[in-house]
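*Asks:* Please read through the structure below; I'll follow up with questions.
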Amino acid sequence: MPKIPLADWINSIVDWMEEYLAGFFDLVADVIESIVDFFSYLFLLPHPFVFIAILGVLAFLVGRTSLMLFSVIGFLIIDNLGYWPQTIDTLSLVLTSGLISVILGVPLGIWAAYSKGASRIIIPVLDFMQTMPAFVYLLPAVTFFSLGVVPGVIASVIFAIPPTIRLTRLGIMQVSGELTEAADAFGSTSGQKLFKVQLPLAMPTIMAGVNQTIMLSLSMVVIASMIGAQGIGAEVYRAVTQLQIGKGFEAGLAVVILAIVLDRFTQNIFKTKKRGA
Amino acid sequence: MTILQVKNVSKLFGSHPEQGLELLQQGWSKERIAKEKNITVGVNRVSFDIQQGEIFVIMGLSGSGKSTLVRLLNRLIEPTSGEILINGKDLRKMNKEDLRKVRRKSISMVFQKFALFPHRTVSENVEYGLEIQKVEKSKRREAALQSLELVGLKGWEDKLPDELSGGMQQRVGLARALANDPEILLMDEAFSALDPLIRRDMQDELLELQDKMKKTIVFITHDLDEALRIGDRIALMKDGAVVQIGTPEEILTQPANDYVERFVEDVDLSKVLTASHVMRRPETITTDRGPRVALEVMRERGISNLFVIDRSKKLIGVITAEDASDALKNNKKLEDIVILDGPRVGPDTLLNELFEITSMSKVPLAVVDDNGRLTGVIVRGAVLGALAGESKAEEVKPHA
């Protein structure tokens, strides 16, 4: 039996896309790049100490004293070790892919919750996306978007979007049938039911998904650095390839600090909102 | 006036419900259709009319289709066949927009497990129905506060639902349903999740509210006591079909078949039957007669006391044989010996309250109507007899 020429097929699909969808990819690349640039411009605008001070205030609002202390001390260490611009690049990349994941993932999750047909397609695709080794995404991403931060964001989004979709779907489906029935019984339109009842009640679950998505995209930064995404991941990658243990540890520590701060922020944002409401 | 008409409405669940409907019409049983065709009969060709201002109770055990039926009335579940007319308009022929209008303006629902939105305050919950109609904030808040005051929850408007007890939560549910000022209130086992004492209070309050509001209420319950307490009429359901529709008394005294009879046999009659069920025709004498006539009447009838009434049948009091013969010897008049403070009850007094009164009183109990006219008499034996199931329709009819 001859071997199925799967690799050839994939190659020809990629070739076709490269030829005919180039304009679309350019547009996507422009959009993504400008978002990343906007974030890093915004974050690099103030002096690091000013940035840290603002971060501290936000941390206090979101998670009280302990988060404030951790964020301030952590980012001071990063600045002190000399990884400030790289960390900001990485933060911008992670926030961009997080933002794109939410913009795409939440509506997809809602769709999957509403339609059995949609979820029958979306769920296996998500399984595929999550289990396919992340390196495999790098090649087509590079083919379509060349080197740099854009394919890094694309690869991160593909790798990191599944939890947002899954948990949005789960969150909507978990809203008790009696509550959606009550919304219907009072004459809500589907939009009113979604925005006034289902989404607010699903919010903690959706936020858990967003939190996971951000963590996953952060875990992609080292891999993304292989295709030219600047940032702290590139420092780790360089240290590894040059066997500089100390430098690798420093850069790795910066990733950890960033990860913990992002994690606590996304975990707490919703809780404080609820308390205030 | 008929506000809601249900005509031959069915709901079948499964992939080919129409086929199941045909088989039902051919006389197949619900079990056979479920077994051979994999179609579940939820509601089986139900018809009834509901009058403006009545409390119509739909009662049945779990699985009898009552919760499905109530959801057909506002099309939360689509009926398979039949007509549902609200003020003459067929709900099934309405498009989405019209249906929403009916749900917003005409029919509200109260749910078994309250179904309050946990992320909204009490007031925001009550405002929900108005909010989605885009009523402005200050107006709907005002309506919500009014409706909360009606159910006795003034001052709780800014709490979250889970800060309230179960009974209070269901009051919020009721206030939410009332805030839209609907004509029809659907209450799906609204009090079933509450503990018995609170359930009792809620029933009383619902009746009180109903006195003021005169809504049309469709009340679903599996609890016969509840149905008998609050229902103006009761529809008893079994296997998706209505077995009997009637007033509580009709259901109790004239059960349509064995099923209803078995259903009602465990009822605590003392909480259902009233004085008017067990009273007998009173023996009376008017004030212008003398003690001799009184004694004669008593001797003739073989009784030891007589009620004294005036010409308009108004009860004055009671005389005993002993006092009458004493009066005869001492040349007294009837007025001198009549006992004025004998026990009196209204015709709606429940049997279990009668017990205590009859056991403490030496003279028989007088049943008087709102105008003070004597309508019947209750002797101790009759109360016990009624509880033992002796009560017969002929016997309990008050005399004209």
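Note that the numbers count up from 1, one per residue, in the order the chain is shown.
From the backbone N, Cα and C atoms, a Cβ is placed for every residue, glycine too.
For A:87-266, the entry in TrEMBL reads domain 'ABC transmembrane type-1'. The annotation transmembrane segment is assigned in TrEMBL to A:49-78, A:90-114, A:134-161, A:213-233, A:245-265.
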*Asks:* Looking at the transmembrane segment (A:213-233) and the transmembrane segment (A:49-78), are there 3+ C-beta pairs under 8 A, with each pair at least 6 apart in sequence?
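*Replies:* Output no: the transmembrane segment (A:213-233) is apart from the transmembrane segment (A:49-78).
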*Asks:* Top stretch among A:90-114, A:134-161, A:245-265 for CB pairs under 8 A with the transmembrane segment (A:49-78)?
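*Replies:* Answer is A:245-265, with the largest number of Cβ pairs below 8 Å.
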*Asks:* With a Cβ cut-off under 8 Å, give me the same-chain residues at least six positions beyond the ends of the transmembrane segment (A:90-114) that come close to it.
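*Replies:* Contacts with the transmembrane segment (A:90-114): 32, 35-37, 39-40, 43, 122-123, 149, 152-153, 156-157, 160-161, 164-173, 194, 199, 206, 209-210, 213-214, 217-218, 220-221, 224, 229, 231-233, 255, 258, 262.
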